[in-house]
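What TrEMBL annotates here:
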{"type": "COMPBIAS", "residues": "A:15-25", "note": "compositional bias 'Low complexity'"}
{"type": "DOMAIN", "residues": "A:49-162", "note": "domain 'Thiamine pyrophosphate enzyme N-terminal TPP-binding'"}
{"type": "DOMAIN", "residues": "A:237-371", "note": "domain 'Thiamine pyrophosphate enzyme central'"}
{"type": "DOMAIN", "residues": "A:439-590", "note": "domain 'Thiamine pyrophosphate enzyme TPP-binding'"}
{"type": "REGION", "residues": "A:1-51", "note": "region 'Disordered'"}
{"type": "REGION", "residues": "A:197-229", "note": "region 'Disordered'"}
Amino acid sequence: MSEQQPTHRPDADEPATAEATTAEEMAADDASAEAASPEDDAGARPVTTGSESVVRALETAGVEHLFGVQGGAIMPVYDALYDSDLSHVTMAHEQGAAHAADAYGIVSGDPGVCLATSGPGATNLVTGLADASLDSDPMIALTGQVPTAMVGSDAFQEADTTGITSPVTKENYFASDADTVGDAVGEAFALADEGRQGPTLVDLPKDVTNGATEQEPAAGSTPETYDPPERAEREAVTAAADAIASAERPVILAGGGVIKAEACDELRQFATEYGIPVVTTMPAVGAFPEDHDLAMEMAGMHGTGYANMAITHCDAMFAVGTRFDDRLTGGVETFAPEAEIVHADIDPAEISKNVHADYPLLGDAGTVIDQVHDALAEERAADMSATGERWTAWREQCRDWKDEYPMDYATPADEPLKPQFVVEAVDAATADDTIVTTGVGQHQMWAVQYWTYTQPRTWVSSHGLGTMGYGLPSAIGARFAADDDQSVVCFDGDGSFLMTLQELAVAVRENLDITVFVLNNEAVGMVRQWQDGFFEGRRMASEYPWIPDFETLAEAFGARGYTINATDDESEVEDVVSEALGYDGPSVVDAHIDPTENVYPMVPSGGANGEFVLAEDQL
Amino acid sequence: MTEGLQGPAPDERPQPSGRRNAQGIRIDPEVAAEPESRRTVLSALVENEPGVLAKISGLVSRRQFNIESLTVGTTTNPETSRVTLVIEEPEPGVRQVEKQLDKVINVISVRELGDDAVRRELVVLKVHGEEPDKVNAVTEMYDGTTLDAGPRTITVQITGDEQKIDDAIDAFRQFGIRELARTGQTALARGEEWTTHAEEERYERVHDT
């Protein structure tokens, strides 16, 4: 058997099944020739086990980094990784592995990979999977499982992983056979990446990964039943272009799908050529440069006043790659109530799910933007009198709103340090391509409001699920996906940081150049803000009576620690920011901010976007 | 950076007068009305693999769709099963169920059936057996079959559309129904029409080989 092994590696374009009948003849004729150059193809090492097939499938898919935690049922896969060139990052907790893989996918555009063992390892991934699912981030999770013969017996470290993760994955697989396990991994990888991206999972029983197989995994492809649309139908595009051309007050609403589809160039060309203001959702921050004249920035609950005015008063909305989340729309009854809505999405189920689409366009974001762009050009040709002059008044109105509702914060003399200032100071001290990751809470909103994002894939945050603790592990994942000369900073809150700060051990072990700015107000600030606004100031469990000294804690982990006191003046703050950014390794800046500062503007939950409040007394 | 957030307060700003309803559809304020629910049948052709039914039922429950019945069975092709759902939803909800089902990777094709679709349901019910002649008369009246008759209980089956099943159950109440099991509806498109989009192609593929 062993001398036949080389012939069991099919050529790339040769079906594996063809060799079975002729294996013996081929062995006689070609074995020596094949064996002479095994390192020429991807299959330099012959596959002998299911776990080697899993690793081969990852290599074939172009994976470079894995984020995971060892454990009993996943050990065969780790054993196969021992012989591979894949770089594995051992995380402190599986949730950290999932968030790191998620952020890796956001920054690189390719699926991030996380691994965990069965039972508790797999269930610890669930938060990260749900996070990636709501944000349509490309990610693949590989989980160990008890041997197939023990499945269903409540065996040690057994959990129904495919059952538990079904609602939070795009698709999941229970691998049942060593011969096909590599194919399942390849298919999961392809599915995570194609169409509307999302997380997939392959559950790997120990006997399957330990099982003998010589089957090389096929190049990963999506199943036959999966057929995402590419181009919108011509009639639909013409009708949509008509609606936009005949509008008086059009806006573009760019969603996260614009970045996922690599359609930012098409977006910018479309918007600038026709002079249409651009509003983004939170996942789309960076899709359109925020320093551009047409940029209205982020809309929604904590969006800018001008973005919310623009979407409230528009009469046509070209929404691309957004699912109209309630944090964006506010109360749906008052969302863009006079607008004809053109909704482009690759997922048909998003059309008219939350907001009725008058003009649905199914397809890839970049392709559809180009289609509408060209159709609008034809509209314009038919109405040349409008060229150049069209929508001038509307653009001026939008500019007026920018003047009327500027993003600003008060800094009276002797006031404690404002969190917005810290964000601005870090922005000023770093390059345009710096990647910002965040936890969830007030700090997240200041980080999105007061940083000027000009490039896609530089804003990494937990949008849909709102996962506290997302910041540090996502900074680790982002660091591995970023260019070497690209900076990675994390804004976190004290509450959020305390949820996953054990990952600092990983950042130190891997010597990752990450700077964490903890905007420390000794509270779960967003909860406290809501309690003050909507629960008569009854601050139940939102204030932290004692917070660790994050500077000392960072040093204990082996990172560099810094403290900014609330009474430090601006130049002192800038000095610490600059020193922390300059340190080549992980560092933590404990910035004690004004604990009374809250996040505004704010659209109260379920309220009308145009009725955003600017201060607590307007609630 | 010393002024703080400025601008007119919420009630000083102009607000558009338009509205949408709960489904996000723009409405005329004069005739604001919630769309009425309707009852309809969706048919899905799915891959016959373990876990597919769990995925579909999980999807239905977590998205809070109002499902009346759900039936599953294999087709002539052992690789596929047909899932028939009866749902009661307003129009946008019907479309959402259809599109969400279509998103499930193992779902090959899904479609809402027209009102003329052939729909059938089966009920097996067990009544007290004190009046066997009368039970038999009612069974015959509904073209039913007696499956089991003992000294104390009689078990019958009735097939038909939903209305007929409801009527039959009502008729059997006079004898006292001890137990009852009904299947929920299963359905096919009428005449030459294919039930879901993928069926014709798959039929020809199977029958060519």
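Here the Cβ of each residue, glycine as well, is placed from N, Cα and C on the backbone.
Remember, predicted model here, so these are calculated numbers, not experimental data.
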Which residues, given as numbers and ranges, are at least 6 beyond the ends of the region 'Disordered' (A:197-229) yet have a Cβ under 8 Å from it? 5, 8-10, 12, 16, 43, 46-51, 53-54, 56-57, 60-61, 72-77, 80, 102, 105, 111, 122, 125, 129, 132-133, 136-149, 151, 161-162, 165, 168-191, 260, 346-348, 362-364
Would you mind splitting the domain 'Thiamine pyrophosphate enzyme N-terminal TPP-binding' (A:49-162) into helix, strand and coil residue counts from DSSP? 56 helix, 21 strand, 37 coil
State the mean pLDDT for the domain 'Thiamine pyrophosphate enzyme N-terminal TPP-binding' (A:49-162). 98
Residue counts (helix, strand, coil, in that order) that DSSP gives for the domain 'Thiamine pyrophosphate enzyme central' (A:237-371): 51 helix, 27 strand, 57 coil
